[in-house]
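Record features, source Swiss-Prot:
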BINDING   His117, His483  Cu cation 1 binding site
BINDING   His119, His162, His545  Cu cation 2 binding site
BINDING   His164, His485, His543  Cu cation 3 binding site
BINDING   His480, Cys544, His549  Cu cation 4 binding site
DOMAIN    69-183  domain 'Plastocyanin-like 1'
CARBOHYD  Asn242  N-linked glycosylation site
CARBOHYD  Asn320  N-linked glycosylation site
CARBOHYD  Asn430  N-linked glycosylation site
CARBOHYD  Asn503  N-linked glycosylation site
SIGNAL    1-20  signal peptide
Amino acid sequence: MRGVVKLFFLSCSLVSLVSSEETGKSPTANYDHYMPKATATIDPSVFALSNDFEITDVPTTREYTFDITKALASPDGYEREVYVVNNMFPGPVIEANTGDTIIVHVNNHLEEGQSIHWHGLRQLGTAFMDGVPGITQCPIPPGSSFTYQFTVSHQSGTFWWHSHYSNSMADGIWGPLIIHSPNEPLQRGRDYDEDRIVFITDWVHDNSEVVIAALATPEGYKGSPAPPQGDAILINGRGQTNCTATGSSSCTYPPPPEIHVPVNCRVRLRFISATAHPMYRITIDNHPLEVVETDGTAVYGPTVHEISIAPGERYSAIINTSEGKEGDAFWLRTSVALGCMFGGIDQVGLAVVRYTGNGMVSTEEPQTTAWSDLAGATTPCAGLDQTYTLSPRESFSAPREFSQSHVFNSQRGAFVNVYGNTFQGYGFNNISYQNQIFNPLLSIVQRGGSCESTLVASTTFPDLGSGNIIINNLDGVIDHPYHLHGNEFQVIGRGTGALSLDNLTNIDFNLDNPVRKDTLWIQGGSWVVLRITTDNPGVWALHCHIGWHLTEGKLAVVVIQPGAIGHMEGPESWTNLCANTDPNAFGPARRSPSPSIQSSKTSTFQYLREVKGKVVKRRGAREA
């Protein structure tokens, strides 16, 4: 018999939510006095995973409630309004075992729609739960609720969850998701003793809507057409900004976050990059990093002094704490990879790795120095899999035979929107994604329709088997991290230039246990071939995980087994998300030009509302 574990996180709601049990109708929100009243909780200690968590193959149900609200927070010393889940910044850690069913009740207390995506989880058989507005669902309306329910099948490792509505992820709606398994190649107690999460994000002092609106103007954001690098780097929710640059008298310098690790142990550090833009390089003074996982795949990897990590990627590394003594402290340094951050500034986020034991915990800052062989400011950006061999510990050679190959040409340039206006943006195959947010593509295919349109680049794998996805990054010198939903892929080939279908047979592919990932860094002017198994019917997003590029249209879809999708049925609550909405309305994006198109649910559900054009005042002066 399946057990049930219910985990309810309590928070201060900023709007009152009237439940369906009380009224018999869909929940509605009361927006009276809608200013933030709570101060978000920032507690880096929650990222130390407990050894008391039972890793078992007996499935259970793990139930959570997520209240999405606004709050005030000063994660880097500068106070701003943030979005939070259960008043936590970052949001709560989800921890489960392979085979468990995860249920998450999401209550949206914001003034705009929301959704939650479970980054890296395949959603095998539950495509309706992938959490992408306009692709797999309609957004959760303001003041309403939706329950995500799915079983974690045949996966373990390091994942995360985040909002997939516009780029509101960058405002604080994200958190770790850890899946254990007694059959995982990496075993606690054998391969490592302790488990810690290192959750890394960039942090901008303006709300994401302000940034998106500014980028749509000729002046750009702070005078630049490029997305922001970030005002600070946050590690487990804390960072240090340049208070002088903010012009705010209330700005403070909070202490760096601490990661406590026992002495004489092997500690697994799970690095998660939730950043909206930069690639980061992570290093720990005096501690080599043994790479043992990438994107949920346990690997035999190198031992390095520095790990490059792209937006959306995850890496686990093991460090040895037997060389020091209780009380020793070392700097963990996270720096921006300037080789792919044009016009960027040298920026380092710091955390303290401190050895603990049975005595008093020291509060002294480390006196350690960085490794002498770290990447320089002009070092080109490259994924760790490009520089080193990452061999999956569970060996799985790529299928020799494949049914189809499809090409996505990734481009930046001029596109034409549905109103006939030309705009600068990103896209695939000469199409910049324009999101009909109340007409999900999954629903269209379920009804027997097609994703082929001028609104989104798409490709279809009709049958069970294996196939190739070729991505040509034609964006000149601009690198991108690409994330594929619903699938893990095997990286079987890379090269410079562009690869056509005609030249595919001339490539010597690596089919012998290639690395398996779901997020991949692809340099400008290069190509990659991904081998996938087409066993998961659904409409799956393929997009750049630089959130600002996504709002500019850097998204395509991969349709797998459309015939099988026609026999799938989502829950009634999923269908009801689209009730009383306009299927022709477009969701928020950097280049959405017409504020007149709205959902018919105008009283509470204004996706293209006036906030896109309003001025939001900062609490401090802009940088010069």
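Note that Cβ sites are derived from N, Cα and C of the backbone, with glycine treated the same way.
Features per Swiss-Prot, on structure.
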| residue | record | Cβ contacts under 8 Å, 6 or more apart |
| --- | --- | --- |
| His117 | Cu cation 1 binding site | Asp130, Gly131, Val132, Trp161, His162, Ser163, His164, His485 |
| His119 | Cu cation 2 binding site | Phe159, Trp160, Trp161, His162, Leu177, Gly312, His483, Asp518 |
| Asn242 | N-linked glycosylation site | Asp231 |
| Asn320 | N-linked glycosylation site | Cys265, Arg266, Val267, His287, Pro288 |
| Asn430 | N-linked glycosylation site | Asn409, Gln411, Phe415, Ala457 |
| His480 | Cu cation 4 binding site | Ser410, Asn473, Trp521, Ile522, Gly524, Cys544, Ile546, His549, Lys554 |
| His543 | Cu cation 3 binding site | Tyr433, Tyr482, His483, Leu550, Lys554, Leu555, Ala556 |
| His545 | Cu cation 2 binding site | Ala310, Pro311, Gly312, Pro481, Tyr482, His483, Thr519 |
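Secondary structure from DSSP puts His549 (Cu cation 4 binding site) in a helix. Within 10 Å of the C-beta of His549 (Cu cation 4 binding site) there are 26 other C-beta atoms, taking all protein chains into account.
Cβ proximity to the Cu cation 4 site centre (mean Cβ of His480, Cys544, His549, cutoff 8 Å) flags the following additional same-chain residues: Ser410, Tyr426, Ile478, Pro481, Tyr482, His543, His545, Ile546, Leu550, Lys554. Following the DSSP three-state reduction, the secondary structure of Asn242 (N-linked glycosylation site) is coil. Annotation for the binding-site residues His483, His485: lowest Cβ count within 10 Å of the residue's own Cβ, His483.
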